[in-house]
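Pulled from Swiss-Prot:
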- His265: active site, proton donor (ACT_SITE)
- His79, His238, Asp242: Zn(2+) binding site (BINDING)
Amino acid sequence: MIKQRTIKRIVQATGVGLHTGKKVTLTMRPAAANTGIIYRRTDLNPPVDFPADAKSVRDTMLCTCLVNEHDVRISTVEHLNAALAGLGIDNLVIEVDAAEIPIMDGSAAPFVFLLLDAGIDELKCAKKFLRLKEAVRVEDGDKWAELAPYNGFSLDFTIDFNHPAIDASTQRYSLDFSADAFVRQISRARTFGFMRDIEYLQSRGLCLGGSFDCAIVVDDYRVLNEDGLRFEDEFVRHKMLDAIGDLFMCGHNIIGAFTAFKSGHALNNRLLQTVLAKQEAWELVTFEDGEEMPLAFRAPSAVLA
């Protein structure tokens with residue numbers, strides 16, 4: 001049986017908020033089976049909870065925000081959400097003493113490290129997966145994203161950037177998902193932005209935490225970071241990381257094939273909401289019998305040990 005997962009102990013870290021540039025303390029707490037993923041702002045009195053839910057994603061301009069019915073929001077959840085998806089964490093309470101998750105190094109790797117340091121705990125309840133039964137596709141101009149039936153979780157992502165620093169041969173990436181593949185191939189890919197955009201946003205009091213420490217920064221010709229790229233195709237790998245986090249907003253690991261061209265947070269979320277609204281296109285399944293398990297989600301690999 002594939003079991004639900006949480007962490008073994010409370011783990012805490014501090015970082016900087018991408019938007020405010022101020023210190024943020026992040027605390028992750030184990031949660032009981034069927035709790036789901038809950039983001040909590042402890043800077044408010046009383047604290048406000050934001051369950052991970054595709055319908056709560058309302059603002060996708062610079063990052064993924066969860067917004068409740070009172071217009072209270074928590075920002076920059078996508079990289080942590082990707083780490084949870086990558087490690088198959090079903091139940092967790094995530095507390096921050098600010099309006100945003102810290103940006104860390106702009107990737108999911110620091111969150112993976114924290115979660116593995118806390119230890120993965122398997123619970124006694126069967127893990128629920130969202131399995132695609134029909135293909136669902138959404139489009140926005142020439143951009144599109146699709147989920148289709150597949151016995152596992154595969155991703156195929158293409159970006160289309162006309163930039164000297166981004167070679168045409170590095171604009172597509174495919175992955176047959178597993179926790180090990182996510183940690184090694186995806187989690188370290190950082191977010192990226194143009195120096196001119198960062199300077200403009202900061203002049204308006206936005207993106208105050210943006211720096212070379214938490215993003216790949218490019219000008220019109222090259223990558224400006226002294227250490228360069230972590231992967232030759234780090235840009236498209238990060239877009240895949242974003243998609244993994246965006247799709248996990250349904251609270252379940254997905255069994256299906258994800259394919260996208262120039263997609264971003266908004267289109268990824270529209271795809272997820274379109275799938276969920278089409279009830280005949282998916283089902284929630286558990287795997288009591290090991291023979292039925294998709295390879296991608298069999299017993300935790302060495303990376304989780």
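Every residue gets a Cβ built from N, Cα and C, even glycine.
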Cβ within 8 Å of the mean position of the Cβ atoms of His79, His238, Asp242: remaining residues of the chain near Zn(2+): Glu78, Ala82, Gly106, Ser107, Ala108, Ala189, Arg190, Thr191, Lys239, Met240, Leu241, Gly245
Which of His79, His238, His265, all recorded positions, has a Cβ with the fewest other Cβ atoms inside 10 Å: His265
Set of same-chain residues at least 6 away whose C-beta sits under 8 angstroms from Asp242 (Zn(2+) binding site): Thr64, Glu78, His79, Ala82, Thr191, Gly264, His265, Asn268
